[in-house]
Amino acid sequence: MAAYLLAVAILFCIQGWPSGTVQGEVRPFMEVYQRSVCQPRETLVSILEEYPDKISKIFRPSCVAVLRCGGCCSDESLTCTSVGERTVELQVMQVTPKTLSSKIKVMKFREHTACECRPRSGSRVNIGKHKRSPEEGEREPSSPLTPGSL
């Protein structure tokens with residue numbers, strides 16, 4: 001077993017880590033950015049959270065992988081929101097503890113097909129110019145980010 005683990009470790013060193021980059025290699029900005037934007041991405045969802053009325057059953061697996069919106073938006077007042085959905089049907093094993101019976105069951109899950117950054121519920125987003133009262137005064141323009149300012 002130890003020889004197997006050593007061989008796997010050596011293979012990772014030669015071929016690179018599973019993420020696609022060699023350990024210690026810097027991932028390019030555009031790859032980092034593209035992977036972080038608001039988009040449908042594989043997410044593990046608990047079956048019992050999707051079907052709370054089935055609490056008396058046991059499911060295997062207990063969670064399933066579906067596409068759900070996730071990622072970063074350009075502004076704190078925005079959140080990554082689904083704007084398109086479809087229904088997918090997945091096979092899972094349902095176990096009934098009382099009778100110790102099990103069967104393969106097809107269950108439906110929502111999967112997101114398109115995402116957008118939209119205002120958070122309850123957030124006040126100003127569209128256009130906001131007129132300030134004399135008590136508020138003028139606001140100083142924010143300074144742009146420079147490479148050394150972070």
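Every residue gets a Cβ built from N, Cα and C, even glycine.
Annotated features in Swiss-Prot:
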type: DISULFID; residues: Cys38-Cys80; note: disulfide bond
type: DISULFID; residues: Cys69-Cys115; note: disulfide bond
type: DISULFID; residues: Cys73-Cys117; note: disulfide bond
type: MOD_RES; residues: Glu25; note: pyrrolidone carboxylic acid (Glu)
type: REGION; residues: 119-150; note: region 'Disordered'
type: SIGNAL; residues: 1-24; note: signal peptide
Taking the Cβ of Cys117 (disulfide bond) as the reference point, list residues of the same chain whose Cβ is under 8 angstroms away and which are at least six residues distant in sequence.
Cys38, Cys73, Ser74, Asp75, Leu78, Thr79, Cys80, Thr81
For Cys115 (disulfide bond) and Glu25 (pyrrolidone carboxylic acid (Glu)), determine the Cα separation and express it in whole Å.
31
Cβ packing number for Cys69 (disulfide bond), 10 Å threshold:
22
Protein Cβ atoms within 10 Å of Cys80 (disulfide bond), excluding its own:
20
Whole-number Å value for how far the residue listed as 'pyrrolidone carboxylic acid (Glu)' lies from Cys69 (disulfide bond) (Cα to Cα):
29
